[in-house]
Amino acid sequence: MKKKIVHPIVLAILDGWGHTNIQQGNAIKIAKTPTIDSLIQAYPSTLLAASGQEVGLPKGQMGNSEVGHTTIGGGRVIQQELVKIGNSIVDNSFFNNLELNEACEYANNNKASLHLIGLCSNGGVHSHIDHLLALIDLADSKQVTNLYLHLITDGRDTSSNSAKYFIKIVADHIEHKQFATISTISGRYYAMDRDFRWSRTQAAYNILTSNNSIKLNASVNYGDLIDHYYNKGISDEFIPPSRINLGSIKDNDAIVFFNFRPDRMRQIVQAFVQKPFNCFATKPLYNLRVVTFTNYDTSLNTTIAFHPHILNNFLGEVLYKYGLKQFRVSETEKYAHVTYFFNGGAEEPFPGEDRELVSSPDVTTYDLSPDMSAELVTQKSISAIKKAIYSCIVINYANADMLGHTGKLKETIQSIETVDRCITELLDAVSKLNGTLIITADHGNAECMFTDEGNPCTAHTTNLVPLILIEGEQEAISGHGGQVKLRNNGSLADIAPTILDILHLKKPPEMTGKSLIINSRYETRNIEKTSIEL
């Protein structure tokens, strides 16, 4: 029996690849990208909203990888945790949150301490400083006796030297609250590692659980501490874990981890709650009450303050229900995004969903290896394409985002040129199977490498992102015998419906996004799409 050849749809997500016509500091425009440039000229393309309300964030809030992949995979706008928690503060339901109130009461009943741990900035990607301030107010209202703040400095989703600004907001907020103390400071490089570089996590853990201080010539207050590292060329992200006041975590204490995004909190939380924990030596701590803002991982024994939405019929689930095979591939930095987030928070793959994890380079920062593992990701993708069994292949290229975060223009340009070469190889493999290649991005970053003042810009942007549709036979999905046309004013929520449109599959009612194809053969010829009970 002759094997059936599947003509795949390959979705290549170029992480951090935004669009702007501004040339200065635009690594994407400066880079030589002959393949992508030629594809934009030769094939249908459009620009998509990837930030703000179009992806379930507050108006004007930059997009990010978690939100981007969730929106792409979901085919709908989902209210994000940043908005959900922010709204709860506005309507005061935050202060009635059972789990947060119980954490305060636990500390009081045990004559112990409450510890708040999280990223201290207004970046809105992993956390928000407003949530921290609300937690402090809640602790005040519950008459917590000892409140210790363990602040993680940002420098990626905010400017690289903004830590003092944000910590001052916190310091001013607790100035007349004698029960509250800023205890430790740590750069996110250490406290928020997600790549199993356990020595970084260990450094953060040790400072949280020990009252030993890093000795400095200057007096230890947050301003002096940060200036000490600035003078050594160390920016916010890389500030070593440092203690500035007493307040280590002890038996019977309560801890609230207030990041709402899970991926960069899992390792540090594991060190406190996972038994046995074998990644590094930990301090015996008993009777801790650990609360996380959101569900960081189903395997972690924590109390969850804000329970997740129940999300059904994401693209992966729909493909599974139609009996189609799919493949996901990325390197370590973005693996969770093409799997967990793309599937709406489902940890396990659906039947028929294969996954491939490619290790990211073992370097301190990615400007030391701008190519990252893009070539190996490409080879794994091509191998999957050649099998001719997958109807949908989802790939993430991490380069533009991870290099954009370094603020290094030259290295970011190199990384973008690497991705362009990889797209050349990918396109050749897709074309040989008469498949469809969709190139898009989850948010902007590398197109804006400098601030208006000329300083390095390491944060994401609110810019639109491109989408290019390369179909071997455009007439196959066009309703008028010519090239496919794509509409404007779309968003990331429209990508999954577009994929289902090309596959001639009916989208589920949960997918409120709409196909980007204007002249789909199914609409112009009134052809009924394949449908099953979803």
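Note that the numbers count up from 1, one per residue, in the order the chain is shown.
Any Cβ shown, glycine's included, is placed from N, Cα and C.
Lifted from Swiss-Prot, the feature list:
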{"type": "ACT_SITE", "residues": "Ser65", "note": "active site, phosphoserine intermediate"}
{"type": "BINDING", "residues": "Asp15, Ser65, Asp442, His443", "note": "Mn(2+) 2 binding site"}
{"type": "BINDING", "residues": "His126, Arg156, Asp157, Arg188, Arg194, Arg261, Pro262, Asp263, Arg264, Lys334", "note": "substrate binding site"}
{"type": "BINDING", "residues": "Asp401, His405, His460", "note": "Mn(2+) 1 binding site"}
Task: Looking at substrate and its recorded binding residues His126, Arg156, Asp157, Arg188, Arg194, Arg261, Pro262, Asp263, Arg264, Lys334, figure out the farthest C-alpha pair and report it in angstrom, whole number.
output: 17
- prompt: Restricting the comparison to the binding-site residues Asp157, Pro262, Asp401, His405, which residue's C-alpha is spatially nearest the C-alpha of His443 (Mn(2+) 2 binding site)?
  reply: Asp401
Message: Going by DSSP, is the residue listed as 'active site, phosphoserine intermediate' sitting in a helix, a strand, or coil?
response: helix
Task: Pick the one among the binding-site residues Asp15, Asp157 whose Cβ has the fewest other Cβ atoms within 10 Å in this structure.
output: Asp157
- line: Spatial hits near Asp157 (substrate binding site) (Cα distance within 10 Å) out of the binding-site residues Asp401, His405, Asp442, His460 come to His405, His460
Message: Using a 10 Å cut-off on Cβ-Cβ distances across all protein chains shown, tell me which of the binding-site residues (Asp401, Asp442) has the largest neighbour count.
response: Asp442
Query: Across all chains shown, how many C-beta atoms besides its own are within 10 angstroms of the C-beta of His443 (Mn(2+) 2 binding site)?
result: 28
Message: I'd like to confirm something. Which of the binding-site residues, Asp15, His126, Pro262, Arg264, Asp442, has a Cα closest to the Cα of Asp401 (Mn(2+) 1 binding site)?
response: Asp15
- request: Work through the recorded positions one by one (Ser65, His460) and point out the residue whose CB has the fewest other CB atoms within 10 angstroms.
  value: Ser65
- request: By CA-CA distance, flag whichever of Ser65, His126, Pro262, Arg264, His460 among the recorded positions is nearest to Asp442 (Mn(2+) 2 binding site).
  value: Ser65
- prompt: Which of the binding-site residues Asp15, Arg194, Pro262 has its Cα nearest to the Cα of the residue listed as 'active site, phosphoserine intermediate'?
  reply: Asp15
Task: Looking only at C-alpha atoms, tell me how far Arg264 (substrate binding site) is from Asp15 (Mn(2+) 2 binding site), rounded to the nearest Å.
output: 17
- line: Same-chain residues at least 6 apart in sequence with Cβ under 8 Å of the Cβ of His126 (substrate binding site), in sequence order, are Gly118, Leu119, Asp157, Met192, Asn259, Phe260, Arg261, Arg264, Met265
Non-site residues, in chain order, whose CB comes within 8 A of the mean position of the CB atoms of Asp15, Ser65, Asp442, His443 at Mn(2+) 2: Ile13, Gly16, Ala50, Gly63, Asn64, Gly68, His69, Lys334, His337, Asp401, Ala441, Asn445, His460
- request: Provide, as an integer number of angstrom, the distance between the C-alpha atoms of Arg194 (substrate binding site) and His405 (Mn(2+) 1 binding site).
  value: 15
Task: Using a 10 angstroms cut-off on Cβ to Cβ distances, just flag whichever of Arg194, Arg264, His405 is the loneliest among these binding-site residues.
output: Arg194
